[in-house]
């Protein structure tokens, strides 16, 4: 079968750093090609080259046999290559209703009529929605819709261009599993319409569900193409990571003394209560898909929200934090998810960011002691190998991985009883991720460490014990040595619960 | 190069301005002239330092001008009508300032009214409220009260000294008390914001509220405190205004809000801070004072003043936002 879209010998560098080298890729009509790759493998750069954001340095692209050379995203869309970006809200205008969103692209451009005709907009929007079988109230405002519905609208809107190629960039990253199922139904519909789909994801459950072919990208090179049925998922993961999953890197320890314990904890109104214990020196990872309550659990332990039921004990004493300040006082620290939004103070330099939670301890009579703060920051920079000029650097000058190291450094600068890290490897390159994981394991003695991770690989790389979370409760527990991968994956996918019910 | 311009540009401009006026306007370079400048900016400077605290936590306080005039009316009412002494009048004013700040803070933090709207509403409320006790009349000894009686109280001399007394400083009768109050408050708030953990946390709240909260900061309390500081500083400005005028003048203080907000915003440009800061605010107030005094001594007409202030503000804002953002 002739490929709808073909890339050959593609290269792209930013300054001295070569991001993509000699990439060949084919997308065929009516097929879902999954592009897998770890953080920093070059996935987003590839997408940006295809969608006309970046110009390529070398290589050729062909769309239905014609050379394809978009100078801008708008040109790529006009030619029939449409991208639905990871950030859902980039694809919709929250202040307008669904119908207007669906037909927005017809409001601009030369042929757009001067006057806005609501009835015509409704009619066209209905046609667009019907094509995808979209069940959304057309007069609802986007801001009333769930993330999943917004995503559907963004895709439907992209469909209005009658695309030949559609790129979906981590479309399930903010969806719950039920919502993701609806997305898959839409993807199948697109496939029936003969669209060539490039689906970017590193979530195994998605990939198992919809992939016709898998392309693994590693360090800017195509590391493997898997097209033979049944698809070799493990081979694809191996190709993506560049090694057979090396579990021996973790020498699993068993904890002797319980530091933190939760009994019959309930964190959502419909959820089953669960118990949880983390021991001294132990690194426990809780894994599960996005939206299963990992962050809710982290926030409950850190005093941001109250549990709906159950008790917690820390170092043998009852633990009932009423605020993050309480939790910090008791020795429970949280490296929060999404550092830009909930971690970094952009106006502060590196050492002020690190000392932020501990100013009370570091200050004398309320007067802050910059000299002490800077000494601690220098020690932490050294310890974690943060690449910077000094402790007075601005945060923006640091790379994502180094910014995350600063966040970890902030919360490891003082001894804690329970250290919680919510998605600490988000937007972090592999080298920094290994550094952070090694540091967490090396410094684990004397505290309980709890990681909340969506990516199973990250859990396998760092944890002594892996707990699986699904629908706001814990559904499985595995010692990270010779664990039963199939069972674990089934639990992640929520199959155990359904089986039990 | 660009860094140096952004960092020291405004201070250099201020120095150049002073040198220029010293040559162009005879009598400008004298202690008396310097003191006069300080005195002219004392009240707006104090208000500006207060509003700086709210800017630091990412808020804004539009009610400061009306808090100051309310405090002025309250001081006059306390002494002239209620015949209280200076101490009671001062405490009464400070309490009003703190109370208004507290209410502002609660409305903004707990009722989630946007800061500009909440304090705008408070401004209208106070402008109206301060006229009610006297049915819209100014307060002075011998005035007729709404019930037909005559107010017999007087401004206490101690109170008036706050606005009129001059301390000996190298030269006899040089330094007005109001200037001393300004300098003390400026040093105080500067130290508080830059060198205490509370000030640091307030900046953190202003820069990333969620991060500050997750670092254990009681964000709501910090925000409310910022408005209380702003209210108290504004009421101190009002006390000095009452002491200078010696009456509760219903028509005075119209320019207070705009002048002090301008000073605080000009402060963003000082030392390339690109954020609210006490030192910058003080320099900003001084800059406007120097410019107006110099122009007045060069016989520029009074009605050009607002234009000049506005122009300085626009230039300073361009400095802050366009230049310093580009350098990053």
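Placement of Cβ uses the backbone N, Cα and C atoms for every residue, glycine included.
According to TrEMBL, the features are:
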TRANSMEM  B:6-28  transmembrane segment
TRANSMEM  B:35-56  transmembrane segment
TRANSMEM  B:62-80  transmembrane segment
TRANSMEM  B:87-110  transmembrane segment
TRANSMEM  B:116-133  transmembrane segment
TRANSMEM  B:174-193  transmembrane segment
TRANSMEM  B:224-243  transmembrane segment
TRANSMEM  B:255-272  transmembrane segment
TRANSMEM  B:278-295  transmembrane segment
TRANSMEM  B:307-324  transmembrane segment
Q) Which residues, given as numbers and ranges, are at least 6 beyond the ends of the transmembrane segment (B:174-193) yet have a Cβ under 8 Å from it? A) 31-32, 35, 38-39, 41-43, 45-46, 49, 52-53, 56, 161-168, 199, 202-203, 229, 233, 236, 240, 243-244, 277-279, 281-282
Q. Are there residues at least 6 beyond the ends of the transmembrane segment (B:278-295) whose Cβ is under 8 Å from a Cβ of it, and what are they?
A. 10-11, 13-14, 17-18, 20-21, 24-25, 28, 33, 36-38, 40-41, 44-45, 48-49, 52, 186, 189-190, 192-194, 259-260, 262-271, 304-305, 308-309, 312, 316
**Q.** CB contact flag for the transmembrane segment (B:116-133) and the transmembrane segment (B:224-243), at least three pairs under 8 A
**A.** no
Q: Sort out the residues at least 6 away from either end of the transmembrane segment (B:35-56), same chain, that have Cβ-Cβ distances under 8 Å to it, and list them.
A: 64-65, 68, 115, 174-176, 178-179, 181-182, 185-186, 189, 193, 199, 202-203, 206, 226-227, 229-234, 236-237, 240-241, 244, 255-257, 259-261, 263-264, 267, 275-278, 281-282, 284-286, 288-290, 292-293
Q) Residues sitting near the transmembrane segment (B:6-28): Cβ under 8 Å, six or more positions beyond its termini, same chain? A) 266, 269-272, 283, 286-287, 290-291, 293-294, 297-298, 316, 319, 323-324, 327
Q: Six or more residues out from either end of the transmembrane segment (B:224-243), which same-chain residues have a Cβ under 8 Å from its Cβ atoms?
A: 42-44, 46-47, 49-51, 53-54, 56-57, 59, 61, 63-65, 67-76, 89-90, 93-94, 96-102, 104-106, 108-109, 155, 159-164, 178, 181, 185, 189, 202, 252-253, 256, 260
